[in-house]
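In what follows, a structure is listed as structure tokens, so that the remarks can point back to it.
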Amino acid sequence: MLGFLSARQTGLDDPLRLQRVESTRRVWGLELNKDRDVERIHGSGVNTLDIEPIEGRYMLSGGSDGVIVLYDLENSSRQPYYTCKAVCSIGRNHPDVHKYSVETVQWYPHDTGMFTSSSFDKTLKVWDTNTLQELKILAIEVLDLEIQAEEGKDEKTGGTDKSSRLYLGILETADVFNFEETVYSHHMSPVATKHCLVAVGTRGPKVQLCDLKSGSCSHILQVSQNYTVSFDFSNILHVISYSCFAGHRQEILAVSWSPRYEYILATASADSRAKLWDVRRASGCLITLDQHNGKRSQAVESANTAHNGKVNGLCFTSDGLHLLTVGTDNRMRLWNSSNGENTLVNYGKVYNDSRKGLKFTVSCGCSSEFVFVPYGSTIAVYTVYSGEQITMLKGHYKSVDCCVFQSNFQELYSGGRDCNILAWVPSLYEPVPDNDDETTTKSQLNPAFEDAWSSSDEEG
């Protein structure tokens, strides 16, 4: 570390190199944080998590009970032991609560004033968080009273119930999109500047794009012999007929926009296929990913399959140059997003028994990027480009359904069917048993922290 600091100070190294090396070291040392808890609100499994990209402070969670919770991850108390409190929740008593399981929640990429949620109740809802600002000062005062009550300074304060009553029913829906089929997944582009489209995957074989500006949902990517694709942008309606559109044949389990190109969309389906689309084109998808790289299906592109089972999860790398997919064939594959080539990186068996979308994530800003994949009741950590399994994060009692990476502090949050949200934070060293054996002690060190320095005198 001192060598990197010296090289940066003298200008011998790019400043980003130190940042990347330290980020990598921190990811190598991820472990369950025993000093931090996330307040338990959900009465059933946690399906989805998302951390806003502006400050990295607020986190959303969606559960099988239809409840959505907004957490503040910042340690305002400055105490070593603390709990990440729920700022507000959309509970069963809320008039706009989802009727069934919430499958996806996502912050608006450019502002914390809005987020979206989709559910098995066939709706996509847009929520306005600006209404929370009206009670922000009052909530802080109540929080101070709660802290005083815990310290025994004020026995008259009621506790967290009072804070909950202040926020009850404050969040309101700004818009609601209704669909004919159950909604499995949705996603907004993190880099879009020329459109406000939300891609939605449903139980049907069509991918729908909802425009937040106009409130319409008319751009549909689907399979049919003869059908009509309509575009409703800027209040101008264009209706064009096409045929032999190579779309999906079964439900869409996952969708994701490219973090590099704002018009490129990836979709994953139960028909064993994953596709890349340019939504400006109506002539069909750009690429149908083929696990055999065209060796077995050169004649018919529609025969290409990405997995030998359902493709129920996908995620772009942070630079958008590669795409990761997971399937119920217990395999994870890495694809070149520019040409759709299977890079043939071998991750081994990646256990996956999920019947719906699997939410996994990748690191950002590391020398060697990592991917975090729910693996039963654990989370498997792999290096993206070599396929090496780094570790298995154990802490949940039941299956893990989602995880999200906080890139500012290299932290990981995971949600499972045990109703818990766990925080995984960097630790410099792995636990070392009380042993005087120097060799054993060195072997316990995380490989990322091993000192590779050697003296020429000692070598001699």
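Cβ coordinates come from backbone N, Cα and C, glycine included.
Under the heading region 'Disordered', TrEMBL lists 433-460. The repeat 'WD' feature in TrEMBL is assigned to 39-81, 95-137, 245-280, 304-345, 393-424.
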Leading stretch by Cβ pairs under 8 Å, where the reference is the repeat 'WD' (393-424) and the options are 39-81, 95-137, 245-280, 304-345: 39-81
DSSP helix/strand/coil residue counts for the repeat 'WD' (393-424): 0 helix, 19 strand, 13 coil
Within the repeat 'WD' (245-280), residues counted as helix, strand or coil by DSSP: 0 helix, 18 strand, 18 coil
